[in-house]
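Take a look at the structure below.
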Amino acid sequence: MRIIMLGAPGAGKGTQAKKIAAKYGIPHISTGDIFRANIKEGTELGKKAKTYMDQGLLVPDELVVDLVVDRLQQEDAQKGYVLDGFPRTIPQAESLDEALKKVNSKIDYAIDVDVPDENIINRMSGRRACVKCGATYHLMYAPTKVEGICDACGDKLILRDDDKPETVKKRLNVYHEQTQPLIDYYTSAKVLKRVDGTQDMEDVFRAIVAILGE
Ligand SMILES: [Zn+2]
């Protein structure tokens, strides 16, 4: 069961990826985790990646793919895996497919957790944060006892720049530009599965399980 997760920032794909990993006993693999692990262990690939990151440069596709493929070959990933946050671009998707083909493997499912932009913007704009203690809340899903006041420390809450509608919209535009080609790519590979991400988290997961099987 080799799975790729697609979905906009704020669509909840990370949460679903974790639930899939737990249910099916396969690792949840994110590129961030792979980078951190390789840098910590001081592997050759990790050292290479670090030279780019230290200069504030993007790690080139080729190296990212090498890191991911290396991770996918480890023991715990032999029964399958959930890839979260990779691939992000067509060249990455193609390189991944090529690398997998060499070891007689392929992606079985690309699951798109679909949430309309308007819903994501609404979700994000309901977030509130405390600058003083770092606690986070949500007007609808995790409200404070007194509106606008942090439960933990009593300080005033703010809407962070990152959660403001105009910032979220920009991020979503970048996402769509990058991801639409991927959706087309996995559609033609006949592995794309779309689930309605506007439902309750548990219902989204039920829809995914219906696709993957019990
Ligand atoms: Zn606080």
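A Cβ is built for glycine as well, from the same backbone N, Cα and C atoms used for every other residue.
Those TrEMBL annotations? Automatic predictions, nothing curated.
Feature annotations, courtesy of TrEMBL:
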{"type": "BINDING", "residues": "G10, A11, G12, K13, G14, T15, R127, T136, Y137, Q199", "note": "ATP binding site"}
{"type": "BINDING", "residues": "T31, R36, L57, L58, V59, G85, F86, P87, R88, Q92, R160, R171", "note": "AMP binding site"}
{"type": "BINDING", "residues": "C130, C133, C150, C153", "note": "Zn(2+) binding site"}
{"type": "DOMAIN", "residues": "127-162", "note": "domain 'Adenylate kinase active site lid'"}
{"type": "REGION", "residues": "30-59", "note": "region 'NMP'"}
{"type": "REGION", "residues": "126-163", "note": "region 'LID'"}
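Feature map: TrEMBL annotations on the structure.
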residue	record	Cβ contacts under 8 Å, 6 or more apart
G10	ATP binding site	V115, I120, R123, M124, V168
G14	ATP binding site	M5, S30, D84
T31	AMP binding site	V64, L67, V68, G85, F86
L57	AMP binding site	none
R88	AMP binding site	Q178, T179, L182
C130	Zn(2+) binding site	T136, Y137, C150, A152, C153, D155, K156, L157, I158
C133	Zn(2+) binding site	C150, A152, C153, D155
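If you look at the region 'LID' (126-163), there are no same-chain residues 6 or more away from its ends with a CB under 8 A from one of its CBs. Between the CA atoms of G12 (ATP binding site) and R160 (AMP binding site) there is a gap of 19 Å, rounded to the nearest whole number.
Residue counts for the region 'LID' (126-163) under DSSP, helix first, then strand, then coil, are 3 helix, 12 strand, 23 coil. Of the listed binding-site residues, namely V59, C150, C153, the sparsest CB environment within 10 A is found at C153. Cβ crowding, taken as the number of other Cβ atoms within 10 Å, peaks at R127 among the binding-site residues R127, R160. Of all Cα pairs drawn from G10, A11, G12, K13, G14, T15, R127, T136, Y137, Q199, which the record names as binding ATP, the longest spans 22 Å. In the vicinity of ligand 1, defined as a Cβ distance under 6 Å, the following of the binding-site residues G10, L57, C150, C153 are placed: C150, C153.
In sequence order, V131, K132, G134, A135, D151, A152, G154, D155, L157 are the same-chain residues whose CB sits within 8 A of the CB centroid of C130, C133, C150, C153, the residues recorded for Zn(2+) being left out. Mean model confidence for the region 'LID' (126-163) is a pLDDT of 94. Taking the Cα atom of each, R127 (ATP binding site) and R160 (AMP binding site) are about 8 angstrom apart.
Mapped onto three states, the DSSP output places G14 (ATP binding site) in helix. Binding of AMP is attributed in the record to T31, R36, L57, L58, V59, G85, F86, P87, R88, Q92, R160, R171, and the widest Cα separation among these residues amounts to 32 Å.
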